[in-house]
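Copied from Swiss-Prot, the annotated features are:
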- 44-163: domain 'Rieske' (DOMAIN)
- Cys86, His88, Cys115, His118: [2Fe-2S] cluster binding site (BINDING)
- His225: Fe cation binding site (BINDING)
Amino acid sequence: MPARNHTQWMATPPLQKGEWVDSRVYTDQEIFDEELEKIFKKAWVPFRHESELPKAYDFRTTSIANEPIIVTRGPDNEVRAFLNVCPHRGMLIERRPSGSLYEGQPSGNPKRMTCMFHAWQFDMKGNCVYISREKEGYQDRLPKESVGLRRLRCEVKFGGFVWVNLDDNPISLEDWAGEPFQCLRKTLEAEPMEVFHYHKAIVDTNYKLWHDTNCEFYHDFMHYHNRVTGFNDAYFARKNESFEHGHILVGTFEVNYDQYEGFESRAGLSFPHLPPNQWYMIDLFPGMNFNLRGSALRCDVVTPLGPNKVMIEFRGLGLKSDTPEERQTRINHHNSIWGPFGRNLHEDLIGVQGQGTTMRPGQESRRILHGRQENQTIHDENGMRHYYDKWGKWMNRMPSNPELPYNAPAIAAE
C-alpha cells in the first residue's frame with residue numbers, strides 16, 4: 001500500500017479492539033492526573049531496598065504520585081514510611097535525599113525528624129514529640145498526640161525491598177505481587193542482598209512507553225548484541241505469562257554470554273538456587289521491573305513527572321555475603337549490560353525518547369499497535385495487551401478511545 005493521506009493515517013487499524021491504543025493515553029494531562037489518583041496512589045511501589053537504610057535513624061526521601069515521602073529505620077529496626085510533610089503548616093520536613101538522623105542538625109535535635117520552619121519534632125514512629133512554645137500558643141487546645149505525621153503502609157518483602165502504598169486499605173502486598181514473584185522468591189529470599197549500583201534517567205517520554213520496553217521483546221531488533229547472539233530457538237520459545245493486576249513474567253532463558261563480542265561465560269557467579277546464566281524478568285504494574293540476569297539483579301522504579309516526562313531509577317544488587325572479588329565481578333557484569341555506558345539500557349532509552357518526541361501534548365492522536373500474535377512467546381505483544389486492558393479497568397477508560405468508559409476487549413488480553 002502506498003503512503004497514506006491524513007484520513008487514512010487517522011483511520012481505525014484493521015485489528016480487533018485491544019490490539020491498539022490511542023496515543024492520548026500517553027499525552028493527555030487530564031489522563032495523567034487521573035493516573036496518579038487512580039493508579040499510583042493505590043499501587044504498591046518498591047520505594048528502596050532495605051540495604052539503603054542499614055542503620056537505625058537512616059532515612060531516604062522521594063515522591064509517589066506527587067506526594068513527598070520519607071522512609072526511616074527506627075531504633076527498633078523497623079522500617080516505616082510517612083508523608084514528608086509537617087502537619088503544622090505543610091512544610092517539607094526533610095530536604096535531603098538521604099542521610100542519618102542519629103546526630104543533630106542545625107535545625108533539629110538528634111534522633112528526631114525536625115521541621116526547620118517552626119521547630120516541630122517527630123520521632124521515628126511519626127509521633128509529634130515537641131511543639132515549640134506549645135503552652136504559650138496552644139494552651140491545652142492542641143495536644144501533641146493529635147498532630148503526628150501521616151503514616152503510610154510499608155512492608156519489607158520479596159528480597160528486602162521496601163514497599164510503600166499511599167492507600168490505607170490496599171490489597172495486601174502478598175496478593176498484589178506474590179504470584180509473579182513465585183518464580184524467584186526462593187532465590188531472592190535465600191540470603192540478604194544489597195545495592196551496589198544506582199543511577200537515574202529523566203526522559204522526555206511517558207512512563208508507560210518505558211514499561212512497554214520491558215513487556216515485549218520484539219524490540220530486540222534494536223539491541224545489537226541480542227540480535228547477533230541471542231536469536232536462537234530457545235530465545236523464541238520463551239513465554240510471556242500474564243498475572244492479575246497487570247503484571248507480566250518473561251520466562252527463563254540461558255544467556256550465551258561467551259558469544260558476545262568481548263565477553264566470556266558468566267557461569268561462575270549466580271544467585272542461590274538459580275542455574276548459571278539464567279534470565280528472569282518480572283514486570284509489575286504500573287511501571288516497576290525486576291530483571292535477574294546471571295550474576296546481577298536490576299530493579300527499575302518509575303516516577304512519572306508529567307505526561308511526557310518520567311524519572312527512572314535503576315539499581316543493581318548482589319549478595320551481601322559477596323567477597324570483594326565476587327562483588328567486583330557482579331559490578332562489571334551489571335555495568336557492561338545495564339550501566340549508563342553499557343550495551344543494552346541506553347538503547348531502550350533512545351527508543352522511548354524517540355517515541356516521546358512523536359507523542360507529546362498538543363500533537364494529534366496516533367494509533368499505537370499491540371497486535372502481534374505468536375502464541376504468547378517472546379515476540380508476541382500479549383504483555384502490552386494485558387497491561388493496557390488492566391490500565392483500562394483501573395482508569396475506567398478504553399485504551400483505544402480514552403473518551404469512552406472501559407469495556408472488555410473483543411480479543412483476550414492473555
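Quick reminder: no glycine exception, Cβ is built from N, Cα and C everywhere.
Note that the coordinates shown come from a computational prediction; the quantities given were computed from them, not determined experimentally.
Sequence features annotated in Swiss-Prot and their locations in the structure.
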residue	record	Cβ neighbours (10 Å)
Cys86	[2Fe-2S] cluster binding site	21
His88	[2Fe-2S] cluster binding site	16
Cys115	[2Fe-2S] cluster binding site	23
His118	[2Fe-2S] cluster binding site	14
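In sequence order, Pro87, Arg89, Met91, Ile93, Phe117, Ala119, Trp120 are the residues of the same chain, not among Cys86, His88, Cys115, His118, whose CB sits within 8 A of the CB centroid for the [2Fe-2S] cluster site. Mean model confidence of the domain 'Rieske' (44-163) amounts to 96 (pLDDT, 0 to 100 scale). Across the domain 'Rieske' (44-163), DSSP assigns 11 helix, 48 strand, 61 coil.
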